[in-house]
Amino acid sequence: MTDQPPVRSTTPRQARPAGAPADTAVRETRPKDTGVRQVRPKTEGWQQAKDETGRPLLQFASPKRGKPPVHLADLTHDERITKLKELGLPGFRAKQLEKHYFTHYTSDPAAMTDLPASGREELVAGMLPPLLTEVRRLETDRGDTIKFLWKLHDGALVESVLMRYPGRITLCVSSQAGCGMNCPFCATGQAGLTRNMSAAEIIEQIVRANALIAAGGLGGKKSTDHSLDRVSNIVFMGMGEPLANYNRVMQAVRVMVDKEHGLGMSARGITVSTVGLVPAIKKLADEDIPVTFALSLHAPDDHLRDELIPVNSKWKVDEALDAARAYFDATGRRVSIEYALIKDMNDHAWRADLLAEKLNARGRGWVHVNPIPLNPTPGSIWTASEVPVQNEFVRRLNDAGIPTTLRDTRGKEIDGACGQLVATEDDEVAAAATPVG
């Protein structure tokens, strides 16, 4: 039984963790007398965009660009029937197209022999227009991890990462081309926001991954279990801030979980992450889709998080944690806290203690912490914590009663791990030479 504290109108007061500075419990700075080194965040090799007040620029609205063509996956089943009738075709063709796309993972007219040969190509072109052009594919982990570079209809570039684990296959999808949250330690955030992706562009990443798996392209077929012949888990942890593209992301999620007219996935296998857009977290809690919710926290104190996660200037740590707890209360789904461990920046023992206190102040059993060693860049201040420090951070959380599991980091050899997804100059050259379609 989960301990659920009474609703409070104010944030509960917390004691200062041992080793933390004496000024206040939520304005921690570098401890003055413990010998702990505190590295401050700074940009390296790029200029962080600033607004007129000098603060890091946040882009919540997508820049105006040409919209992608309307696709079957952008429409509800009824809307698909309506569009077919507008094309002078019977509505039952919608069911046939859904089966080809969501079950057989194909947009190839030649494979759709149950459709009349006359006008088949025109029908498919109108309902299943090309959305993603594969530019590049990189593999690691003996073929069990694959990073895709996709070119969208307007030349924008996005990436997704496919990973086979024992008992599951996970796809890390992008929801935006670039990202407007401007986090200095994230390669995607450094690129800025190009545009939001459509629901169908999000879904197409899954369909293309499923087609590859069905063809034996993910480390070979390793199980007779049919559930492992397609993507079982989705994490919205690729390019973009999912909740800044809320409507299209949720539209895509509905297609994912639709058993009759979509991909028929389990909502519990879908993880939607955010850096802390509090109003959107509250909105997500009211959706009748029990996805897993992940909060990318990375610091328990506002003083550091203001620099690490610029959106913290709008919604503070306690506001984000309150919204996360409210998500649990509304859905019963345990929340994940993502925490990239950065050497001498956010990996201090007192920060582990403070994080535990803030989480425990909101009850027990509602949250799980996933620390992940930062994926390093040689010579950068943004370096993964040393293993003993990392282990101590995890130990302190577990000892405080917070379930904590160090996350497996996949794909860093191909720049496909968390925080590494960004189109390089080589990617852009390759994309320029790749025709769309």
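Note that Cβ sites are derived from N, Cα and C of the backbone, with glycine treated the same way.
In TrEMBL, annotation is done automatically, which means it is predicted and not curated.
Taken verbatim from TrEMBL:
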type	residues	note
ACT_SITE	CYS418	active site, S-methylcysteine intermediate
BINDING	CYS179, CYS183, CYS186	[4Fe-4S] cluster binding site
BINDING	GLY240, GLU241, SER273, SER296, LEU297, HIS298, ASN375	S-adenosyl-L-methionine binding site
COMPBIAS	1-13	compositional bias 'Polar residues'
COMPBIAS	25-35	compositional bias 'Basic and acidic residues'
DOMAIN	165-413	domain 'Radical SAM core'
REGION	1-68	region 'Disordered'
- Message: Nearest of the binding-site residues to ASN375 (S-adenosyl-L-methionine binding site) by CA-CA distance, picking from CYS179, CYS183, CYS186?
- Response: CYS186
- Indicate whether HIS298 (S-adenosyl-L-methionine binding site) is helix, strand or coil by DSSP. coil
- How many whole Å apart are the CA atoms of LEU297 (S-adenosyl-L-methionine binding site) and CYS183 ([4Fe-4S] cluster binding site)? 12
- Message: Give me the count of other Cβ atoms within 10 A of the Cβ belonging to CYS179 ([4Fe-4S] cluster binding site).
- Response: 27
- Query: Within the chain of CYS183 ([4Fe-4S] cluster binding site), which residues six or more apart in sequence place their C-beta under 8 angstroms from its C-beta?
  - Reply: GLY189, VAL275, LEU308, ILE309, PRO310
- Under a criterion of Cβ-Cβ distance under 8 Å and sequence separation of at least 6, what residues of the same chain contact HIS298 (S-adenosyl-L-methionine binding site)? ARG305, LEU308, ILE309, GLU338, TYR339, ALA340, ILE342, ASN346
- Pop the mean pLDDT for the domain 'Radical SAM core' (165-413) in here, whole number is fine. 93
- Note on the structure: Whole-number Å distance separating the Cα atoms of SER296 (S-adenosyl-L-methionine binding site) and CYS179 ([4Fe-4S] cluster binding site) is 14
